[in-house]
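Visitor: Residues or ranges marked as transmembrane segment by TrEMBL: 118-138, 158-174, 207-226, 232-252, 339-360, 380-400, 421-441, 473-492, 504-529, 549-568.
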Amino acid sequence: MAVTAATGIRPHPEASGLEAPLLDDVVEGVVDYRGLPVNRSKSGKWRSATFIIGVEVAERFAYYGISANLITFLTGPLGQSTATAAENVNLWSGTSMLLPLLGAFVADSYLGRYRTIALSSLLYIVGLGLLTLSALLLSSSSTDCIVAVNTTSCSPSQLQVIFFFFSLYLVAVAQGGHKPCVQAFGADQFDASDPAELKAKSSFFNWWYFGLCAGTMATLLILSYIQDYLSWVLGFGIPCIVMGIALFIFLLGTLTYRFDIKGDQTSPFIRIGQVFIRAVRNWRTTSSAISNEEEAQGTLPNRGSLQFKFLNKALVSPDGSKEEGKVCSITEVEEAKAVLRLIPILCTCLAYAVVFSQSSTLFTKQGVTMDRSIGSSFEVPAASLQSFISFSIVIIIPIYDRVLVPIARAITRKPAGITMLQRIGTGVFLSALSMVIAAIVEKKRLEIASAYGLIDKPDATVPMSVWWLVPQYVLFGIADVFTMVGLQEFFYDQVPRELKSIGLALYLSIFGIGSFLSSFLIAIITKVTGGDGRDSWFSSNLNRAHLDYFYWLLGGISAVAFVAYVYFAKSYIYNRVSTI
């Protein structure tokens, strides 16, 4: 008997006539929180998605409340150098984006998305609470520091640093369980077999990201100012309170949610893993034996099944046995192929992720050196410039969803207007262009610093308006509308039904690996360019650094990655024609 993935209870075998909805109004494949069939008109869709979007907006508010200005905290209260702080931010961000793979495994195999979201939200609140306490301890101990002219002669104790990073990585663990499940659970509220709900699901991904960016923009405008000019304790404490409220709102929507039915079959992770293992074990199996087995199972050849033919070796065993547990079914083999088909797209998008990681690290440090004054008394927090990414997304997404998509839909006759891969590729190209603009602006900043004799005055303000950075932030935002949203929909749509969480976790892993690659590049370049007493490209004195060289390097890498992406995208075979 089937078991609901979210609640762990089995669907009621004989629901009473009073509670069971009419057969023509039943949504197939899902149940309510009690395990009963659900009524289409009284469950799911935007009614449920709104609650789920609410908790995700709060989570992004909390996450960016930490990550957007983390480099300022590390180079300030923790006293780290620019290069070390950038590496630590990238390592934490990378870990945060890779842990969803573990969270997706737990959700899809054991707890279900609903429980995983609830438990991860609780862990989030604990982590933010400890982070707030850590900031409080650091601020109280700072009174013992002896501050000299332009330098600080003391640093936090090792115990304080350990406690801070423990709290920080606890938030990363919470995000690992939260992130892959919330969006998948939200998309689950729309029935892809119903034409109206299918169209709503496509819009869901656009408006989902709109809500996320609205929350992020509020974070960057409000929390960055609080953290820079008021208190880091408040800056970490406010997201803790917001997450508590969001969890309460999420639980309020329980009565309306649709839960996927999870059968008694083996975990999808184990099933797919067994395909690869058995294919390797059966590497000596002849093609004729495989063809015979395919014919026996009545499979019809299609473009997708003709790819990765080596996995078809899992259909047979070396001794010819067909006992359950020794061979894989054709369905399991096709599931494995669907996941393997995503890998080239994932790899070619890593350059985009490396570029993406610069907005919260090096861009912020650039902004600190520039003229950020508005009027005579107010100074813009450098981290708040990231709000232009969110602002451009909030402006572009409604235009894309309500204007560009209908026009493209009328031309191409595709439900989404353009294919998901075309959408992703557009953003990858724009991200490469953003690096070119960033390099030109940084070169101009260095020239002005040199002209005014500020090369050896790292704390002096370079007389160049910080608004020069806005174009690269805005272009980042436009690129996100295409690539970020496109990747979310693509990795959700192109994996088997039971692997929706892992699909979104794979999407997030792109940015996790990208953050690690960024950290690796910074470490290598620092070592190569900073030897023999020379200033590296990432010198703490940015007026002697060369971030422009780094941006040109990333621009070149992005261009090569874009060419590779186009090659693999053209040969990609979609799993479901209705979604392209």
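Here the Cβ of each residue, glycine as well, is placed from N, Cα and C on the backbone.
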Visitor: Apart from its near flanks, which chain residues at least 6 from the ends of the transmembrane segment (380-400) lie with a Cβ under 8 angstroms of it?
Guide: 64, 68-69, 72, 206-207, 209-210, 213-214, 216-217, 220-221, 224-225, 227-229, 359-360, 363-368, 372-374, 466, 469-470, 473-474, 476-478, 480-481, 485
Visitor: Ranking 118-138, 158-174, 207-226, 232-252 by Cβ pairs under 8 Å to the transmembrane segment (473-492), which is first?
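Guide: Counting Cβ pairs under 8 Å, the winner is 207-226.
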Visitor: For the transmembrane segment (232-252), I need the partner stretch with the highest count of C-beta pairs below 8 angstroms, choosing only from 118-138, 158-174, 339-360.
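Guide: Most contacts with the transmembrane segment (232-252): 118-138.
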Visitor: Report, as numbers and ranges, which residues of the same chain sit near the transmembrane segment (158-174): CB under 8 Å and 6 or more residues beyond its ends.
Guide: 62-63, 66, 78, 92, 95-96, 99, 120-121, 123-124, 126-128, 130-131, 133-135, 137-138, 141
